[in-house]
Amino acid sequence: MKAQYFFWILFLIGFYWMIYLYQDFLMDALIAGLLCVGFFQVKVFLDKRFFNVVSSFLCVLILASVLIVPLYFIVYKSSNIIFEINFEKFSALIKWLKGTITENLSHFPAIHDGASKFLENFSAASITGYLLKISSYVGRYSLKLITDALFILGLLFFFFYYGERFYRYFLGVLPLGINQSKKIFEEVAGILRIVLLTSLITVILEGVAFGVMIVWFGHDGWSLGILYGLASLVPAVGGALIWIPIAIYELYHGNVNEAIFIALYSILLISVLIDSVIKPILIVFIKKRIFKTTLKINEMLIFFSMIAGISQFGFWGIIVGPTITAFFIALLRLYENYFIQNDQKACE
């Protein structure tokens, strides 16, 4: 057996056992690596003013304030709201809602019977049990998210500290030319920077829009604005976690117009306008005006890759989805620019 074949057999065996050994930490390591790549320009800026260890720690501290502090705020506020629910008032609210819905649907016989059967199982006790199940799930998910975030932050310091060495090492190890490898890294890093900044601005915009609106109805605009902005990152439900309970609260106090306004404002202005219209525009602006990048990836593809990533990978999919897309497109472009052209030259 040739030494080369023997080496690759041993390498594949070793690679398999490495994957098996660290399989529970692969996603955390991937997220830490992607955050490091997307945030490394800040590290380069800090390196001009501090030692490597200090700049690495500052970068981790900045990301910790973005990852850990908001999660703690959500868990703390949510638990306070759940434990402060008055069961008697809540039962009265459910009873009033059932009566109001049944009365209004009496004018529509086609759906009245089906709605009445559905509302028979709709009670304060069943909703409370459902809320407790949700809270326990949110608690477990939040705990896992926090532990993952802590592990990611530990890896981040390691990646920031040795980032330059890792970069040079991978450029030399990859079976591609240095320029080809650099183009792939630049493509992925550029997409990550765009996604991270777009997500941050979107969270701020949605939180401010909701907080400013909700102040007019006598609620705590600061806390609810922060909660809404952070909830917008939750897959599938998003800001509905915040505005639906507030709309029900307004209905309970007889403020029907206020409840309708909160619902329409949250759906039309925030979910549709900001999240679906302004967000793609932001991607274009950040790509062309702020980073002034020459990335040849369509802005709508970046937007849809974020949505696809969230649906497949949950919270962290917001950066995993665009990374996979950018990496694949970079490989296609590499194949087009180098391998096809070389084949054509060989044929000539």
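Cβ from N, Cα, C; glycine included.
What TrEMBL lists as transmembrane segment is 6-22, 29-46, 52-75, 141-162, 191-217, 224-248, 260-278, 314-335.
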Quickly jot the same-chain residues contacting the transmembrane segment (191-217) by Cβ under 8 Å, restricted to those at least six beyond its ends, or write none.
34-35, 37-39, 41, 66, 224-226, 228-230, 232-233, 239, 242-243, 246, 250, 255, 258, 262, 265-266, 269-270, 274-275, 278-279, 282-283, 286-287, 290-291, 293, 295, 297, 302, 306, 318-319, 322-323, 325-326
Please check if the transmembrane segment (29-46) comes into contact with the transmembrane segment (314-335), where contact means 3 or more CB pairs closer than 8 Å and the residues in each pair are separated by 6 or more positions.
yes
Tell me whether the transmembrane segment (314-335) sits in contact with the transmembrane segment (6-22), defined here as at least 3 Cβ pairs under 8 Å among residues 6 or more apart in sequence.
no
In terms of Cβ proximity under 8 Å, which residues at least six beyond the ends of the transmembrane segment (6-22) contact it?
29
